[in-house]
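Enquirer: Pasting a structure here, questions to come.
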Amino acid sequence: SARLELHDRLAGLKVLLLNVSRAVTRDVLITFSPTEGPRTLNMTEKRKAGKIQLPREIFRSLSSRTARVVVTVLNIQQLGMFKEVNQTGQVLNDTVVGITVGETSISGLRDPVQLTFTHRQLPRVSQPCPPSTSPPAGGWSSSGCVTQPRDEGTVCSCDHLTFFTLLLNPALDRSTAQALMAVATTGCGVAMAFSIFTIAFCIFLRCRIRFEETLRINLGLHVNLVGSLLLLNLAFLLNSGLSNGTQPWTCKVLGGLTHYCLLCCFTWTALEGCHFYLLFVKVLGTYIHHYLLKLCLVGWGFPVLVVGVAGVIGSYGEYCIQTVDHQVIARLCWITSKRLLVHYITNCGYFGLIFLFNMAVFGVVTQKSCCLQGTGVVRGDRKAWKVALVAVGLFCLLGATWAPVFLTHGTSSAPMLYLFTILNSLQGIFIFIWLIVLYYPKTKETTGSLSHIIRHDKTATVSQD
């Protein structure tokens, strides 16, 4: 049994020895694969394999006439090596490549060593990371290396020689991914129900109670934001239910529709922040003709332009959610992996800007509300839980529940994804309760503290002018 174990371990170790002259005129090219190990490059070979390119600068800098080149391909699963306790990344194909030239340490190369790691299309949750530059006893580091995705694979350019690999961010396991899908589906149903309740409540207030123009615009904004949330949750449920086995053009339409609803939700969140900024910071006293109509043109029209451009360049199609061993868990109609840049710009980048702006507005509004509370303008007999609830609702209204997944995008942290899913399920509930506390009529007041602050700001502005 000891011999068999030794044989299995040696099967995971493959070595190539070369003697290279100092006067070499070309870069040294070597191919490698996890199964066959390293070997010299055959120029007529068409099969895809990993490639190592050693620049001739390495050999010209040596003092000896010839140098011994040792290329080692390790299967760390068979050898039981490179297993760090706190390692979060997955080693691509369990393959580590070690390169040594001569008996000295090689570093600071002007012409970098290039390693091409071939692989299938990587899932979005497993983005490539820079290779390792540490010995087996140390951790993984990207110092001195640059990673670039190309058609033939992922190319790592490094200015030194050591052990190399391609780390992937941890992907979801099957049980976690299925649990997240179940939580997301349930959460979408809950969010849709409370979105409908919120829209019905706003329509009830609009029909039964006479509000001043500012508050009517506020209600109109809230209805549009909640409407975009309703459409987004509906699009997700349709996507998860109809994406399997659909025709390619149907999947493209469904992917574009889902992306459109997401962008509408982001845009209306931004418009909420802009509106609060005008009310609390700028306190504009001028009348904007068809103000709500113009906001609707931006909120529902701008995403049409973005989705149209993304559709023209072929961004939509089938997207697979995969486990760490590349098993497909679910298929969705969304932005394809070939157009990840579209996702990063239109979703991550767009939301990042909106989030920063809205959190700044939230801070200013909170600070100003506290100042007005201290001056006695706002009635001080309000209960603390109502004040806290209004703050939480405003926080959700400005898109804070979207932050966990976008601010940690690419980490595939299961707790963070659970947090994001649950918070977005509760977003509709928070907004519904927030509107009831803020706008439900009382015997002596028709609106909450927010309306008192708005009216005070408008009065103060007119008196100053």
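Glycine too: its Cβ is placed from the backbone N, Cα and C atoms.
Note that the coordinates shown come from a computational prediction; the quantities given were computed from them, not determined experimentally.
TrEMBL lists these features:
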DOMAIN    30-174  domain 'GAIN-B'
REGION    123-144  region 'Disordered'
TRANSMEM  179-205  transmembrane segment
DOMAIN    180-439  domain 'G-protein coupled receptors family 2 profile 2'
TRANSMEM  217-237  transmembrane segment
TRANSMEM  257-280  transmembrane segment
TRANSMEM  292-313  transmembrane segment
TRANSMEM  344-366  transmembrane segment
TRANSMEM  387-405  transmembrane segment
TRANSMEM  417-440  transmembrane segment
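Let's see these features in context: how buried, what's close, how far.
Expert: Listed as Cβ neighbours of the transmembrane segment (179-205) (distance under 8 Å, sequence separation of 6 or more from its ends, same chain) are residues 172, 211, 219, 222-223, 226-227, 229-230, 233-234, 236-237, 240, 329-330, 414, 417-418, 421-422, 424-425, 427-429, 431-432, 435-436, 439.
Computed over the domain 'G-protein coupled receptors family 2 profile 2' (180-439), the whole-number mean pLDDT of the model equals 80.
Residues 214, 217-218, 221-222, 224-225, 228-229, 231-232, 234-236, 239, 295, 298-300, 302-304, 306-307, 310, 316, 333-335, 346-347, 350-351, 354, 357-358, 361-362, 364-365, 368, 394, 397-399, 402, 453-454, 457 of the same chain lie 6 or more positions beyond the ends of the transmembrane segment (257-280) yet place their CB under 8 Å from a CB of it.
Within the chain, the transmembrane segment (292-313) has long-range Cβ neighbours (under 8 A, six or more residues past its boundaries) at 217, 220-221, 224, 228, 252, 256, 259-260, 263-264, 267-268, 271, 275, 335, 339, 342, 346.
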Enquirer: Please give the sequence-distant neighbours of the transmembrane segment (217-237): residues at least 6 beyond its ends with Cβ less than 8 Å from one of its Cβ atoms.
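Expert: Long-range Cβ neighbours of the transmembrane segment (217-237): 184-185, 188-189, 191-192, 195-196, 198-199, 202-203, 205-206, 211, 254, 257-258, 261-262, 264-265, 267-269, 271-272, 275, 291-292, 295-296, 299-300, 397, 427-428, 431, 435, 439.
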